[in-house]
Every structure is written in C-alpha cells, then in structure tokens.
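Sequence annotations record features per position, and here TrEMBL assigns domain 'Acyltransferase 3' to 8-134. If you look up TrEMBL, you'll see 6-22, 27-46, 52-72, 92-114, 120-142 marked as transmembrane segment.
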Amino acid sequence: MVTYTSPFLLLFVAGIGLALAWRRFDFAPLIGCLPLGIVLLVLAALKLVPAGWVVPLFYVSAILTVVGTLGAERRFVGRGLPLFGQIGDASYSIYLSHTLVLIPLVTVLRKLLLQGWAQFLVASTIAVVVCAVIGIWIYRLVERPMLKAMRRRFDRPVAKRPTPEIATAQSGV
C-alpha cells in the first residue's frame, strides 16, 4: 500500500501531464526551467534549504528540469548528438536493466580509494556510463529485434473485405 500512496507517484503523474502538454504546446519559451531546476537540485542536494524543503524541492527540480529539457529539445534537433538519440531509443532497456547492472557495479565501486565528493562524482560517472552502454547493448540485441518482429507480425495491412453491396455486384446476383 505504501507504493500507491507515495508522493513519488506524483512525478509519474507530472510526467504523464507533461507528455500530453508537449503534444499540444510549444515548450521553447520554458527553456529557462532547465537551469532553474538544476540550481534547485543543487540547493536541495547540498541541503542549503530548510530540512522540510529538501524532498519537495527534489520533486520540483525534477519537473522543472524535464520542462526545460522539453523546451530545449527543438533547438537541438538535427544538431549531431547521435549518442543522445541512442540513449533515448534505449531508454526503456536502460530503465529495465539499470538495477541489475548497479547491484554488482556498486560492489566494485565501493572499493575505490576515494572519499567524499570525489568518490561520489567518479562512481556516479562510471555508473551512468556503464548503465547507458549496457542498456544500449540490450536495446540493440533484444529490444529492437523484438520490436521489428512484432511490427512485422502485427503491423500488416488489413485486407479490405468487400462490403455486401460490392460482393453482390461482383458476383452478378
């Protein structure tokens, strides 16, 4: 029951709302939400805000970051960022595999001879890169072939069946 009453679900609701709004509205004027969301994220992460604000600020910063990213998207279409396109294509594979990748990876990363922020930055960078690479690999080897097979199977054009009037006319009755 805790899952269904978690405020974390509000982020999914916000994502659904943003997806619907993105199809109808131009988000380009909202590009400023991206740096604002990042600043709020940093403030919350460094706990430079009152204790009761940290979690809500993480939520607000996440939503603002997505809004700003949607605002920036059209500016960067066709600008030669194929890696981001690959990550976008593989996002579902990354989502499904990242936990399985992180479990053994965290065990290895704990052995880094770093402390504090240096350890956090190095471990986070390695984790993001490894999760993205493995997710793209899974996408290419599993998800994309499965999608192609499903499209071949289910996206066939439906044969038009003649209406009764046409069938009667064709049979000469």
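Note: Cβ is positioned from N, Cα and C throughout, glycine not excepted.
Just so it is clear, the model here is predicted, and its values are computed rather than measured.
Residues 122-123, 126-127, 130-132, 134-136, 138-139, 142-143 of the same chain lie 6+ residues outside the transmembrane segment (92-114) yet bring a C-beta within less than 8 angstroms of a C-beta in it. Within the model, the domain 'Acyltransferase 3' (8-134) carries an average pLDDT of 91. Outside the transmembrane segment (120-142), and at least 6 residues removed from its termini, the chain residues within Cβ reach (under 8 Å) are 86-87, 89-98, 101-102, 105-106, 109, 112, 114.
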